[in-house]
Amino acid sequence: MSKLIAPSILAADFANLQRDIEMVNNSEADWFHIDIMDGVFVPNISFGMPVLEAINRHAGKVIDVHLMITQPERYIETFANLGTDNLTVHYEACTHLHRTLQTIKNANMRTGVALNPHTNVSLLEDVITDIDLVCIMSVNPGFGGQSFIENTYKKTHQLKEIILDNNATTQIQIDGGVTDKNAKQLIDAGADVLVAGSYVFKSANPSETIKHLKEIANA
Ligand code: DX5
Ligand code: ZN
């Protein structure tokens, strides 16, 4: 199965959002990764529903929403109505994760769970067959442009083992500090989807950079 690239819109130029969305539409990227931050779960605020609604009007690929908010269960229906395909909540933000996952499923979205760098992958063992996508945070969530945490390789490998042991079909996504320098090692450790923000959007030719990453991931 081919490995996927998900440019993170957080690093786009919000004054030229339509241009950047079209760039992703016309590139070899697979998903739009969209970071929603509430200023409580993480020490930053990104953007909310009106912006997601505008993105969805132009985006021609899978909408992958990463919620960095407390009590994400409050907004599951809202995100479904905004055209979200994958809805990822943080493990650390969910008291009743199993229930939250069922609610996401019942709203006809794919289920995602994100893990902060300190959260052990083994904590997902009892719900792994209910998760379509695990997002391993390879930086502390809240900001783009941070440097990659090396322990991520080990976590990715451990999670892959859990997925295989449980005959699950869960995809592994890596989010934060992804570049052409770590992409191959992440894929070799078991990653299926690479999120890349700054590396793509701050490059001279974002479309070429996506292509380059896609080639490395599928080499
Ligand atoms: C961080 C976000 C990431 C971020 C990645 O909280 O979840 O998706 O946009 O950005 P880069 O690739 O610049 O680390
Ligand atoms: Zn993200």
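Glycine is no exception: its Cβ is also placed from the backbone N, Cα and C atoms.
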Additional site residue, Asp132, Asp165, Asp175 [criterion: listed by TrEMBL with His33, Asp35, His66 for divalent metal cation]: Asp175
Binding-site annotation, TrEMBL, substrate: partner of His66, Gly142, Phe143, Gly144, Gly145, Asp175, Gly176, Gly177, Gly197, Ser198 in Ser2, Ser8: Ser8
Binding-site residues compared (Gly142, Gly177) - the one with the fewest other Cβ atoms within 10 Å: Gly142
Separation of alpha carbons, His66 (divalent metal cation binding site) and Gly177 (substrate binding site) (Å): 16
